[in-house]
């Protein structure tokens, strides 16, 4: 890889009044703790709704089971897809803090509307038992369905716009120039995941229990109250935050590179990097490109076609920015393109997650939920099992495994983000293997032996996925943030959540596609019935296990050829060590 550095500039951060930050007053963990508070409370609120939504839509709104599953996956998919909107608004116009404050109130209003509908009988269909009398139950339609979807998608809009900014605003409290704070960034991501786990755990135990025993209206009301506390937590840290000012549209520089490269597609790239355009103009008062970021990047040899956007064709004259771009600007676009294959490889992973929040919950509802006399576990609370484990495993990972790995690898994070993602993708396959085996046993027991298995038989699929998520989710967020540029942190972090979105949308597509392909004259398909004993959920799980394993090998292939831009290495080794610069899975899988 040839590279050539073109100057550098320090990152600029301001306080809430727009004045430059002071190192001893702004940022650090004392500021990030308020963002972590919002993360925990917001996750608590939205998880309590999302994880029991299939029960509410099926039992109270009387949607068929497969349609109910699709309502849930489409809702959660939209939450994560809208994270792109939040990232764009933050980086381009509002900044992370103000984006979070505005959309925090939007999400809060959505919870309140859900609570009102769940409380007022006139806003729901008449009560009916969907399991025993499903064909005769009145499905929610007209204004009842409209209110439901308005409430859900207000929550989706608010939560989606919050998610990437929670990560980026918290991480922005640790400056890249400060070596000590930069090393704490990986620790912050682990703490943020711990806050996420705590929010999920409380939602899946206490709040789900309240919904089951006191009604969905009380549960949704508590979600609204918890969300309100989260917004207060965010506002409480206002005077302490380091804020990155927005830098205008992040899409314009990308479009300029693509247009310029296509316009000059017949040009021949010069043999020397020094002949490419370095600055914004060719006049005597040359300035470095800072419209998109405050970092000037090293030139790399990948995607050389884009280098044609830097070729000067009018010596001595200023060319339009749509015909002549800078090396740094082109490298920014190369980074975005290079992370797409990594992003794509995590979609199947999130399709598996979608099953744990839909079909696995219904799977649990057909099993024996009694723990002791007088106490039964709500099926949705099964999803708390991995988070109970993770609140102990995540601190152990940070305090024991990371220091041990640091001594072996010399990496500040112990292992690289790409290695962490790869381990998680591999482990996720066994979650679906476990789910398929248990569902086959449950179905045979119910149909042929008239026995009801304990709900704890499906605990392993949640535990295994919890371990895989600890590796994949945190690794992916850290990877995207460390690959992001000044002015693009929120947007690139939002790509992490887009993976969730596409995974849930893919789940909806697969459910519909599987039903179409497996339909026969005597049966409607693997997942077409409201009774899991008549469906073939086990075969659907086996299909996902196979897809997950294929996806893992695809990820190994993609990560093998991924290389970081050396100027984003944050400290040292990557500038000199090609192996560190590549950061692929080669070290783990001996490729």
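The backbone N, Cα and C atoms fix where each Cβ goes, glycine too.
A TrEMBL annotation is a machine prediction, not a hand-curated record.
Since this is a predicted model, take the numbers as computed values, not measurements.
Copied over from TrEMBL, here are the features:
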- 32-59: transmembrane segment (TRANSMEM)
- 71-90: transmembrane segment (TRANSMEM)
- 97-120: transmembrane segment (TRANSMEM)
- 145-166: transmembrane segment (TRANSMEM)
- 187-210: transmembrane segment (TRANSMEM)
- 222-241: transmembrane segment (TRANSMEM)
- 333-353: transmembrane segment (TRANSMEM)
- 417-438: transmembrane segment (TRANSMEM)
- 458-481: transmembrane segment (TRANSMEM)
- 502-519: transmembrane segment (TRANSMEM)
- 539-557: transmembrane segment (TRANSMEM)
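Two recorded stretches are said to be in contact when at least 3 C-beta pairs lie under 8 angstroms, sequence spacing 6 or more; the transmembrane segment (502-519) and the transmembrane segment (539-557) meet this definition. Within the same chain, residues 253-254, 257-258, 297, 300, 302-303, 306, 418, 421, 424-425, 428, 431-432, 465, 468-469, 472, 476, 479-480, 483, 485, 492, 495-496, 498-500, 502-504, 506-507, 510, 544, 547-548, 551, 554-555, 558-559, 562-563, 565, 568 sit at least 6 positions outside the transmembrane segment (333-353) and bring their C-beta atoms closer than 8 Å to a C-beta of that stretch. A Cβ distance under 8 Å defines the sequence-distant neighbours of the transmembrane segment (187-210), meaning residues of its chain 6+ beyond its ends; these are 29, 32, 36-37, 39-45, 47-48, 51-52, 166-167, 170-171, 173-174, 218-219, 222-223, 226, 378, 380-384, 387-388, 390-391, 394-395, 397-398, 470, 473-474, 477-478, 481. Only sequence-distant pairs (6 or more apart) were considered; of these, at least three Cβ pairs between the transmembrane segment (222-241) and the transmembrane segment (97-120) are under 8 A, so the stretches are in contact. Using the rule of three or more Cβ pairs under 8 Å, pairs at least 6 apart in sequence, the transmembrane segment (417-438) is in contact with the transmembrane segment (539-557). Of the recorded ranges 32-59, 71-90, 97-120, 539-557, the transmembrane segment (145-166) has the largest number of C-beta contacts under 8 angstroms with 97-120.
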